[in-house]
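Engineer: So TrEMBL lists these for the protein:
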type	residues	note
DOMAIN	107-383	domain 'Sugar phosphate transporter'
TRANSMEM	134-154	transmembrane segment
TRANSMEM	166-184	transmembrane segment
TRANSMEM	190-211	transmembrane segment
TRANSMEM	220-240	transmembrane segment
TRANSMEM	246-263	transmembrane segment
TRANSMEM	284-303	transmembrane segment
TRANSMEM	319-342	transmembrane segment
TRANSMEM	349-369	transmembrane segment
TRANSMEM	375-392	transmembrane segment
Amino acid sequence: MTARFFQLPEPACGMSDFKLDVVLGQDFPEPGFRPEKGKTISGAEKINAAVYKIFSVNFAGRRAKSDGFFRGNGADSDSLGLPNGGDGKREHGSGKKYGPLISGTAYCISSCGMILLNKIALSTYNFNAGISLMFYQNLISCLVVAVLSLSGVVSVEKLNWKLVRVWIPVNVIFVGMLVSGMYSLKHINIAMVTILKNVTNIITAIGELYIFRKHQNQKVWTAMFLMIISAISGGITDLSFDSMGYTWQIMNCILTACYSLTLRKVMDTAKQLTRSGSLNEISMVLLNNLLSLPFGIILILLFDEWEYIITTDVIKLPMFWVVATASGLLGLAISFTSLWFLHQTGPTTYSLVGSLNKIPLSFAGLLLFKVPLSLPNLFSILFGLFAGIFFARAKMS
């Protein structure tokens, strides 16, 4: 996986999923949110507002630096400013008019493309070193962000030892999340990975209940119950069932939920340790991916992947490196396009599009990799996709 949102991802399949999970896992106030007169803001709402600020990075003070990058993506920095009134109308102009469509398309292409390319690298090329692939992609992310920062295109917080020390527990979970995501994607087809990823929402909701005392409404619990049914029925009817792959995916769901919950607990402390008092998306991409490199080296040595790397013939194929590199770049692109799309629309549209995006991704995975499929398994997959959309709608309510 590559650069991830919050770092945030999403795992070989799952940075995009993880970014969506974070949005769906919060009752974000839409931009322009104000409490009703005389109404006290609860602790949970304060937490949600704080997490939302992570998405609402203020580019106004850095406009001169960011114009070059965002224009390179087909939009000026104004079109990427803070949303006005959630999914409301934007300013006039062709750039503002087509901004949501262009940014949404870019987000969907980058998220789907990264997962499909990772699957090709791991399964089609039968690459058996998922940790090494993660290390390579995270290294690419660090280099690209460093170049963009040095050229003045993006602004990155200066790292310090206190910040690193606070972030290390988060990063350990992050590395586990990416590695487990890589290995689950290698052994399980994309459609089933997508359905099983729904279990992350359930674990996160339970964690929120006990840690943050956050209660969900009845519709949300109903949606999560449907997710459980779809995951169980999907596993039972999966013609290409792989116990190792399902074990990795269960671990991935647990680690992804733990990452989300841990991130919320340390974010306020981490922001206080930065010079600006905030930690923007790009800084988190660099921090997470940079800290993951030494952990990656340790794991590569621990699991003897280095012996496989120096003996396998797959790394001699130029197309393998094209796929692995493109996947890493798309993983980094998810961080930019998701933020761009979120600012063009709002959490509501972002969440719904993220859920709907799983439908073409699942069918593309089934068709491109010629997955053996039975009618009951197809029904389970469709049921799981419906449960995901229902969950997004329930969170919006």
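Heads up, the Cβ atoms here are built off N, Cα and C, so glycines get one too.
Given the structure is predicted, the values throughout are model-derived calculations rather than measurements.
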Engineer: For the transmembrane segment (220-240), name the stretch out of 134-154, 284-303, 349-369, 375-392 with the most CB-CB pairs under 8 Å.
Structural biologist: 375-392
Engineer: Report, as numbers and ranges, which residues of the same chain sit near the transmembrane segment (349-369): CB under 8 Å and 6 or more residues beyond its ends.
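Structural biologist: 16-17, 19-20, 23-24, 87, 100, 104, 107-108, 111-112, 115-116, 119, 123-124, 189-191, 194-195, 338, 341-342, 381, 385, 388-389, 391-393, 395-396.
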Engineer: Ranking 134-154, 166-184, 375-392 by the number of C-beta pairs under 8 Å to the transmembrane segment (190-211), which range is first?
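Structural biologist: Against the transmembrane segment (190-211), the leading stretch is 375-392.
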Engineer: Against which stretches of its own chain does the transmembrane segment (375-392) lie, if we need a Cβ under 8 Å and a gap of at least six residues from its ends?
Structural biologist: 24, 191-192, 194-195, 198, 201, 219-220, 222-224, 226-227, 229-231, 233-234, 237-239, 351-352, 354-356, 358-359, 362
Engineer: Among 134-154, 166-184, 246-263, 319-342, which stretch has the highest count of C-beta pairs below 8 Å with the transmembrane segment (284-303)?
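Structural biologist: Out of the listed stretches, 134-154 contacts the transmembrane segment (284-303) most.
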Engineer: If I count Cβ-Cβ pairs under 8 A between the transmembrane segment (134-154) and each of 166-184, 246-263, 319-342, which range comes out on top?
Structural biologist: 319-342
Engineer: Average the per-residue pLDDT over the domain 'Sugar phosphate transporter' (107-383) and send me the rounded value.
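Structural biologist: The predicted confidence over the domain 'Sugar phosphate transporter' (107-383), as a mean pLDDT, is 91.
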